[in-house]
Structure formats: structure tokens, C-alpha cells
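> If you scroll down you'll find the structure; I have some questions about it.
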């Protein structure tokens, strides 16, 4: 393989162990549903710092939308897949299946 | 199965590993966000069995009324609490349409039963004979429960819940036709049994 570790055709934003798990989790939600940061963290067994880093990369690519809401005087952070993120994830999964033949 | 080699660093999995990780993670997520059938159905089954079975035994003189009153209260409160806790735990941290659908559905139960109590208590004050009133309660309560499980099955595309609704409607009709006081035995055994079988079966299926 070349210097790039990502096989041709695989979305480099999603194709990393941590980010494909984050994306898969959010893609398992119904469209328009969102999950709080702590619950997402719990479902992924990731540290807060680690999850933040990967969410930011997904957010920068336009795949994830992070919103803050104020509920009962506390700030709650929600994460959700954007329509573009959902499409990218489906395409990524198709590419993986294609690679396996 | 996997013919590709692990030539990248750990964070770049092979295609097979990536697909497996996706499937595992999505399975975990859907299971965690779905209320456990044990918490949703089993307590109601036991509640019907103990509560209505207790009333039946009291009518036959086997159990004192005071004991049955306590049993009825426990048989109503424990399943209610279990349902609330199960739903709250599974949907904790979730927001959006799914949560709203669940909340509206939960309110449908509360409103349905509030109306049911208002109607039946009013009918009771009009001087309906006790055994007849008992059959009115049996039939109408199970009609509400059955219809709400039909609605739940339709809302979440969950056929087992829909089947529970059909079973509950049939149990309600049967309880009215067998008459008082055997209606309580039907509610306890057929009603409770349906919940218990469904809860255990769904639980076993989810573990496979």
C-alpha cells in the first residue's frame, strides 16, 4: 500500500477504529434523533477527551452536528449524524462490503 | 474469511474488522436503547397473576380481603414502577422524534385509564349489580390495554407486541363470557400468562 493507510475508496474521516464506531452508533439512531455526550460515551466506552476529539473531526467534515441545549439550568451536549454523515456512513459500509467481494 | 493483512496501524482496521466493529456497535446501541422486555412485560404478567388471582381466591374464601387489598396495590405499583424505570434507563440521553413518540404513547396509557376509571366509577354509582360491574371492569380494562398494545405494535413495527394486543382483547372478551367470578381466573391465568410468556420469550430471543 502507498503512504496513505486508507484503502482507495474508503472515506478517511470515517475509516479509523474510533470514528467508525462513533459514526455507527449515531447511524443506529432513527433519523433526527440525537444522543447526549455522556450516553454516547457510555455506549462507546470511550474517555470524554477521546470522544471529543473524534466528534470534532466528524463535525469538521460535516458528518456530525453537535448542539448544546439548556435543560434545568445545566448545559446538555447532544450529538447527531447529519444527512451528509448518514450518506457517507452508508457509502463507507458499501465500500467495505465491496472490498470483501 | 479475512484475506487482507493488518498492514496499517491499529486505528485503520481491515475491511472485515471494520464491518464487524460496525455491526457489533450498532447491535449494542439498538439493544441498549430498546426497553428490556423483561422489565416491560414480566412484572405486568406477575401483577395480573397475583392481583387478579388474589381477588379470585378472596371471592372463593381462600384469602382474607385485607391480604388481597395489599396484593392488588403491590400488583399495580410494582409493574408501573418497573415500566417507568425500564423506559427511563433505556432512553436516557436520547432526544428527538423517538423520545417524543414514546412520551405520547405513555400519555395514551394514562389518559386511557383516567377515562376508563371515570366512566366505570360513574357507572358503578348508577347502581349496576356487583357481578355485572365486575364484568364491565374486566372487559373495558382489557379493551384499553389490548388496543394500546395493538397501537404500540403498529408504532414500533413490533409484531410480538401486536400479538399481545390481540391476546389481551381475546382475554377480555373471554373474561366477560365466562362470567363472575371466573372472569378473575381468566384475567390472572390468560392475561398474566400472556405477558409472562411474551416477556420471557423476547428476553430469550434477545440473548441468542
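Glycine is no exception: its Cβ is also placed from the backbone N, Cα and C atoms.
What TrEMBL says about a protein is an automatic prediction, not a curated fact.
Okay, these came from TrEMBL:
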type: TRANSMEM; residues: B:38-59; note: transmembrane segment
type: TRANSMEM; residues: B:65-89; note: transmembrane segment
type: TRANSMEM; residues: B:101-123; note: transmembrane segment
type: TRANSMEM; residues: B:135-155; note: transmembrane segment
type: TRANSMEM; residues: B:162-180; note: transmembrane segment
type: TRANSMEM; residues: B:186-204; note: transmembrane segment
> Determine which residues of the chain contact the transmembrane segment (B:186-204) at the Cβ level, with the cut-off under 8 Å and only residues 6 or more beyond its ends counted.
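Residues 36-38, 40-42, 44-53, 56, 138, 142, 160-161, 163-164, 167-168, 170-171, 174-175, 178.
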> Six or more residues beyond either end and a Cβ under 8 Å away: which residues meet both conditions relative to the transmembrane segment (B:162-180)?
41, 130-132, 134-135, 138-143, 145-154, 186-187, 190-191, 194-195, 198
> Please tell me whether the transmembrane segment (B:65-89) and the transmembrane segment (B:38-59) touch - that is, whether there are at least 3 C-beta pairs under 8 Å between them, with each pair 6 or more apart in sequence.
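Contact between the transmembrane segment (B:38-59) and the transmembrane segment (B:65-89): present, because at least 3 Cβ pairs are under 8 Å.
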